[in-house]
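Before anything else, here's the structure in question.
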Amino acid sequence: MSTTPTTRTWLGLWVLAAALAIIVIDGTVVGVALPTIIDDLGLSLTGGQWVNSLYSVVFAALLLTFGRIGDNHGRRRMLLVGVAVFVAGSVLAGLATGAGPLIAGRAVQGVGGAMVLPATLSSVNATFRGPHRATAFGIWGAVLSGAAALGPLLGGWLTAGTGWRAVFWINVPLGIAVVVAARHLVPETRSPRPEPLEPFGPLLSALGFGALVFGLIEGTTLGWWTPREALQVGRLTWGPDAPVSAAPVAVAVGLGFLVWFVLREHRRHRLPHLVNLDLFRIHTFSRGNLTAALVQVAEYVLIFVLPIHLVTGADASPLTAGLVLMSMALGAFASGASARLLARHLATRRIVQLGLLLEILGMAATALAIQTSVSPLWVAAAMLPYGIGLGLAAAQLTSMVLHDVPVAQSGQGSALQSTIRQVGAALGSALGGTVMGLVLAGHPVSDAPATLLAQACGVALWLATAVLVVALGLVPLRRTSGGHVE
């Protein structure tokens, strides 16, 4: 059977990329609009925290479960249902007149996003073969990396132009277009040997990853040990008088559930289970996932600290901050889409190494630009090589991680990779906020001197540079040829 994709197959890939872009952008688009949302709806600080973080928490909690369901019942079907659920959540959020409906809408969006992401990646893995897989993963990885950086720009532009509700309403026509196109262009794939799904494993997974990601995201706000802000869940309040903050408790509870989940999955090896832990025996899968997680940590340190420096320290507008981040997105889109040409001349391992070297160079240049008080234009120029490297590394790491995963388990592999990256993103935001807090030494961000704020952001970026150096040392695979593992 020919492995050459048809025009219809390539068009289907771009539909998958569009679906991926919508849900990834939604993870970062709300942050810029949040102050306006709080003022308009009269939200409390706790309500604002839930609006900002609940999407990521629900998203991470359900990825594994929906990845397996997509394997069993059809990945295109999961994609279509997921986009429909995401659009429904966007409508609910766009119509919200108070905290409850808005938070509920964000939760529904998270459910839809958790359906969509593994379905897109496992569909790519099941559809493309041979040298064309590098190109397909290049496009998918570039969208994954670049779309996150477009969120703040889109959020600032929509909020300033038409109001914060447009941040949610824009998903409706885009989602409908994706559903119509996917029905005609994305082929249906599923596991030839569906495995039954028992309920307790997904519950443990959801509780574990949900609590872990929540704790990492909210640690900077709630306090990493001593309570700084109250956390309110319904009628329950975890106040500042508590002996310990809710964030480390959530992290500990999440890790406890995950340990329970892993031990239980291991014991149920020959019984219905959620995850095949033998996937981690695959060298490319285990080390590739760790490398990808570190790349994600560094990216989200940058996405967290750079807008703070530009808007608060350099007095730039949110739209300017978004435009600066767009240079990273443009670099990622350009380099990810060029994977086909690079794969003809460089082995996969070399492409990843080249990408990580460019990321290290760009991150270090951005740290220097921030600490020398240059204009935002120079910061954007410094970030361009980082974006190019991010597109190269993220795309080929995705290819390497899934290369040896059986197609029948591509949904599991895709969901595991996506979940690990989501945890890396949450850890990156937490790391950026924690480092800045230590350098600021009690100064509120809004009142900190510009030089001290620049120093805090710079230290966080230097730490992100060190994380990328570690990632470079972990690049898996000894030999590749033509972009494929030998």
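Quick reminder: no glycine exception, Cβ is built from N, Cα and C everywhere.
Copying in the features that TrEMBL gives for the protein in this structure:
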type: TRANSMEM; residues: 12-38; note: transmembrane segment
type: DOMAIN; residues: 12-483; note: domain 'Major facilitator superfamily (MFS) profile'
type: TRANSMEM; residues: 50-67; note: transmembrane segment
type: TRANSMEM; residues: 79-104; note: transmembrane segment
type: TRANSMEM; residues: 110-128; note: transmembrane segment
type: TRANSMEM; residues: 135-158; note: transmembrane segment
type: TRANSMEM; residues: 164-182; note: transmembrane segment
type: TRANSMEM; residues: 203-225; note: transmembrane segment
type: TRANSMEM; residues: 290-310; note: transmembrane segment
type: TRANSMEM; residues: 316-339; note: transmembrane segment
type: TRANSMEM; residues: 377-402; note: transmembrane segment
type: TRANSMEM; residues: 423-441; note: transmembrane segment
type: TRANSMEM; residues: 453-475; note: transmembrane segment
Within this structure, do the transmembrane segment (50-67) and the transmembrane segment (316-339) have 3 or more Cβ pairs under 8 angstroms, counting pairs 6 or more apart in sequence?
no
Spell out yes or no: are there three or more C-beta pairs under 8 angstroms between the transmembrane segment (164-182) and the transmembrane segment (79-104), with each pair 6 or more apart in sequence?
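Since 3 or more Cβ pairs under 8 Å link them, the transmembrane segment (164-182) and the transmembrane segment (79-104) do come into contact.
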Quick test of the contact rule: Cβ under 8 Å, at least six residues beyond the ends. What residues does that give for the transmembrane segment (290-310)?
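Distant Cβ neighbours of the transmembrane segment (290-310) are 28, 31-32, 145, 148-149, 152, 316, 318, 320-322, 324-325, 328, 352, 356, 359, 363, 366, 370, 376, 379, 383, 386, 390, 393-394, 397-398, 401, 417, 420-421, 423-429, 431-433, 435-436, 445, 453-454, 456-457, 460-461, 463-465, 467-468, 470-471, 474-476.
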So what's near the transmembrane segment (203-225) in sequence-distant terms, Cβ-Cβ under 8 Å and 6+ beyond its ends?
49, 53, 56-58, 60-65, 231, 244-258, 260-261, 264, 274-275, 419, 422-423, 426-427, 429-430, 433-434, 437
Could you tell me what the rest of the chain brings near the transmembrane segment (110-128), counting residues at least six beyond its ends with Cβ under 8 Å?
5, 9, 12-13, 16-17, 19-20, 22-24, 26-27, 54-63, 65-67, 70-71, 75-76, 78-79, 81-89, 135-137, 140, 186-187, 189, 398, 402, 405, 407, 410-411, 413-415, 417-418
With pairs fewer than 6 apart in sequence excluded, do the transmembrane segment (79-104) and the transmembrane segment (135-158) have three or more C-beta pairs that lie under 8 Å?
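Judged by the Cβ rule, the two regions do not touch, with the required three close pairs absent.
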Out of 12-38, 79-104, 377-402, 453-475, what stretch is closest in contact terms to the transmembrane segment (50-67), meaning most Cβ pairs under 8 angstroms?
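Per the Cβ count, the answer is 12-38.
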